[in-house]
Amino acid sequence: MGTATVFSSPTVSTTGKWLGFVAAVWIQCISGNNYTFSNYSDALKSLMHLTQVQLNNLSVAKDIGKAFGLLAGLASDRFPTWAILLIGSVEGLIGYGVQWLVVSQRIQPLPYWQMCVFLCMGGNSSTWMNTAVLVTCIRNFRTNRGPVSGILKGFVGLSTAIFTTLCSALFADDPASFLVMLSLVPLVVCLTGIFFLRELPPAVAAAGSAEEVRYFGVFNVVAVVVALFLLVYGFVPSPGVLVSRVFVAVLLVILASPVGIPVYTYFKGRLGAGNDVEGQRASEPLLRSGEKENESVAAVAAVEEEAFVEKRAPEVGEEHTIMEVLKSVDFWILFVSFLCGVGTGLAVMNNMGQIGLALGYPDVSLFVSLTSIFGFFGRIISGTVSEFTIKKAATPRPLWNAASQLLMAVGYILMAMAMPGSLYIGSILVGICYGVRLAITVPTASELFGLKYYGLIYNILILNLPLGSFLFSGLLAGILYDMEATTTEGGGNTCVGGHCYRLVFVVMTGACVVGFFLDILLSFRTKTVYTKISMSKKPNKSLSASSSSR
């Protein structure tokens, strides 16, 4: 009986690790609800007779919910993953549920400040889900942080398109039905995920292998198939009821397909354990001896390191406390450059409904989907490629952020010109670059400042979402739009023409240029860190040679 326990344990651990990652992917597929405001903002504006500044301030209230993600960051170091998921899903049920009651006109529109509170709750709900997923998975896959971040953030990017397209297929883009989905679907998925997603012991988490890379490749393929499937459906002209339902069924099957990976690892582990029992028994005493020796060496090293660290502040690339992070120049360079990218991107997403109307597109669901889908490509490609370039050439991750800032500036210039088709190209470019910023910044923070307090560090960086939303959407876009708009009956206003947002795009282009130079500066300051990371990812040839000579 003892032998069975010893040999089944690694199999169970590996299978549980991948089951947790599949659950994390499903949770990320529904946790991007914070980016869907454009799908029902026009209904709120009409029902509540809002000006553009008032509507944009509602979107700011939604993004301010991200500021309270600090609570999720603190909780991630004190509570299990399942508790954090439960809090987020219940909070989303309340926040989006009340918005559904208003939009469906089951109740009268609430006072403006109360609507701000419920939008804030809806926005905050996603921080609990994202924190639970990212912190747990990056700790569970310590040697593959780039692919983990790219895949998970990629599915967050797809979640807007998944919600939007499902609503279009099932409910003909009805805003009330859309809010029902935002209320209930995350709750159901999170209640399922709490049984599988949990943090594993460091020894299991650090046991990376070449197989992990292949499995991540499978997740990448599934994600690309989902993205292309959503993109193709978005361009189908007036699909019928049958076509729409077939689309929904196929989409759900594709999203369920990654379950095959933990099933495969389970049966592979069971068969492998049965065929190699004697070999494992023979090596068991030697392994235990090595473990004891490693523990002794590690204990001595830990004492020496602790004594040394007491005499100096940690360098970038080492474990930081929160106070040490907040005193770090590198952290604030990363913080401000992140603001320039995600703040301007959020302004476009929050105002997409009005930008589309100004340029003559009454239905903006396609542009919302384009931003989401190409945001996915930006996230998933940058996560995998940046990991590869670190290993091969020690390329600092912030260089990818710098490239995205320049490309995003090109997108804003195109939208400012308001030429035919410029909104299509601009939506694609902004989506790609917004995705790159999120996917690159997540592992960068863990590499520069450590994993011990990563949950809180991540949520401090995410403060850029409400801050950027307030600066670029609530103030910049709202005020400049109202300056160009004309008043309508009932107290609202509207603006039609390329001039409505031209100055907004020009200012955001300047912000992207500032972000570009900050990312270049951070790349130079962290070159040594990424050289060390690159060396750690390469096999130690000299050690192998000495071992073989013995």
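Keep in mind that glycine also has a Cβ here, set from the backbone N, Cα and C atoms.
Automatic prediction, not curation, is the source of TrEMBL annotations.
So that you can see what the record holds, here are the features copied from TrEMBL:
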DOMAIN    17-263  domain 'Nodulin-like'
TRANSMEM  79-100  transmembrane segment
TRANSMEM  150-172  transmembrane segment
TRANSMEM  178-197  transmembrane segment
TRANSMEM  218-236  transmembrane segment
TRANSMEM  242-267  transmembrane segment
DOMAIN    318-530  domain 'NFD4 C-terminal'
TRANSMEM  331-349  transmembrane segment
TRANSMEM  355-378  transmembrane segment
TRANSMEM  399-418  transmembrane segment
TRANSMEM  424-444  transmembrane segment
TRANSMEM  456-481  transmembrane segment
TRANSMEM  501-522  transmembrane segment
Do the transmembrane segment (218-236) and the transmembrane segment (501-522) come together with 3 or more C-beta pairs under 8 Å, pairs six or more apart in sequence? no
Should the transmembrane segment (501-522) and the transmembrane segment (424-444) be scored as in contact, given a threshold of at least 3 Cβ pairs under 8 Å and pairs 6 or more apart? no
So what's near the transmembrane segment (355-378) in sequence-distant terms, Cβ-Cβ under 8 Å and 6+ beyond its ends? 32, 35-36, 38-39, 42, 154-155, 157-161, 164-165, 168, 173, 223, 227, 230-231, 234-235, 348-349, 404, 415, 418, 423-424, 427-436, 439, 494-498, 500-501
